[in-house]
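This report concerns only the one structure given below.
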Amino acid sequence: MAHILKTLNSWFWWENIWMPINCTWADFVDRDGLVFPKPQQLYATIPYAFVLLIIRFFTERYIAIPLAKALGIKNVRRVKPQPNPVLESYFRECSRHPSQSEIQGLAKKCNCTVHLVEKWFRRRRNLEIPTVLRKFQEAFWRFSFYFTSSIAGFIFLHDKPWFYDIWQTWVGYPFQTLLPSQYWYYMAEISFYWSLLFTLGIDTKRKDFLAHVVHHFAAIGLMSCSWCGNYVRVGTLVMFVHDTADFWLEAAKMFNYARWEKTCNLLFFIFSVAFFITRIILFPFWILRATLYQPTFYSTTPVIAYFLFNGQLLILQGLHLYWGYLIFKILKRFIFLKDLKDDRSDEEEEDSVTDNEEESTNGNKNGCGSGKHLLNSSHH
C-alpha cells in the first residue's frame, strides 16, 4: 500500500504536469531573493480554516447579533411540536407536506383533530428552516469576509502592472517571485472556502446547495492548482474579480432580513450590475482570454496544468452563467411584479397555534393521545 501511494505521489508531482519543458522542481528552490510557492504550504490552509471558524463564531455572536437587533430583527423562538412518533416517522420517511386525505388518516391514527395534525406538520417544517436571525448572522459573516478581502485585494493589486495590463501575468513565467501579500491573499481565500465546506451541514440550505458544493470544491481546486503551477498573478486577479461583487449580495441579504425594502432593492441592483460586469464580461473576456489564449505565446506545448487550470475556470464560468440566469429571473420579477424574493430559500410558515391548543395535545380525549398509545398505533 505504501508503495502504491508513493508511486501515485510521484506521478501527481511529475514536472511535466505542472511546469514548462526543461523545468524541474529543483528550479523552484528559493534563491537570490526569489521566493516561490510550494505545494506543502497549502497544508496550512486547514488550521487557518479553523482559525476563521473561531473568528466567525465571535463575529456572529458579538457583532452580527447586536447589529441585527439594531436593525429590528428579533430572535423568534420556534415552538416545538409535541413529541409524536407516528407523525415524526411519517415526516421523515414519507412526506413533509402530506395531502389532505393523508392528514385525515393520520388524525384518526393518532386520535386527534385534523387541525392539530396540520399544526404539528407546520411547526415541524418550521424547525427545519433557520430563523431570520440565523440567516442574518451567516450573511454578515460572508459580507465581512468578502468586503475585507476586496479591500485587501485592491491594496495588494493596485500598484501591480498586471492589474492594468494582463499580459504582465506571463512576463517572466514560471520564475515569478511570490510576494508576501500574494501568500496571505491565497491562504485567506483557500481557508475561507475550506471553512464554508466544514459548515455546509449547519449553514442554511438553499435550492442551489449542490451548485455551492461544486463551487467551493472548484474554488479550492482552482486556487490550489494555480498555487502549485505558480499561476499566482492571474490567480489573485480571479479572486479579486469574484469578491468585489459578492459582498453587495450579502449586504442586500442582510437588509432583506431586516425588511429594509428600498435599501435591499438598491443593493441587489448594484450587485446585479457588478455580477454581470465581473462574471459575465470581465471573467470570460479578460481572465479566460489571459489563461486560454495568451500562454500560447510563451510556450508551443502547453503542460497538463494548463488544461487542469482552465478546465476548472470553465466550470466556474458555467456556474456564473447558472447564477446569472437566476439573478436575471429575480430582476425580471422585480421589474414587472415589484417582487424581490429569493426562490432558493424556504419561507417560514405562519404558526397560529395557541397555548391552549398545544396543551390539548397532551390529552387523550381531544389531543393526540399518550406516548404509549402512539407507540402502539405505529404498528397498525
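One is the number of the first residue shown, and numbering goes on along the chain from there.
Glycine too: its Cβ is placed from the backbone N, Cα and C atoms.
Automated prediction, rather than curation, is the source of TrEMBL annotations.
Copied over from TrEMBL, here are the features:
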DNA_BIND  89-126  DNA-binding region
COMPBIAS  345-360  compositional bias 'Acidic residues'
REGION    345-380  region 'Disordered'
TRANSMEM  42-59  transmembrane segment
TRANSMEM  139-157  transmembrane segment
TRANSMEM  183-202  transmembrane segment
TRANSMEM  266-287  transmembrane segment
TRANSMEM  307-328  transmembrane segment
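Listed as Cβ neighbours of the transmembrane segment (266-287) (distance under 8 Å, sequence separation of 6 or more from its ends, same chain) are residues 166, 234, 237-238, 241-242, 244-245, 248-249, 251-252, 255-256, 313, 316-317, 320-321, 323-324, 327, 330-331, 334, 340. Residue counts for the DNA-binding region (89-126) by DSSP state, with H, G and I taken as helix and E and B as strand, are 29 helix, 0 strand, 9 coil.
Beyond the ends of the transmembrane segment (307-328), by six or more residues, the same chain brings 17, 208, 211, 214-215, 218-219, 221-222, 225-226, 229, 231, 238, 272, 275-276, 279-280, 283-284, 287-288, 291-292, 343-344 to within a C-beta distance below 8 angstroms of the stretch.
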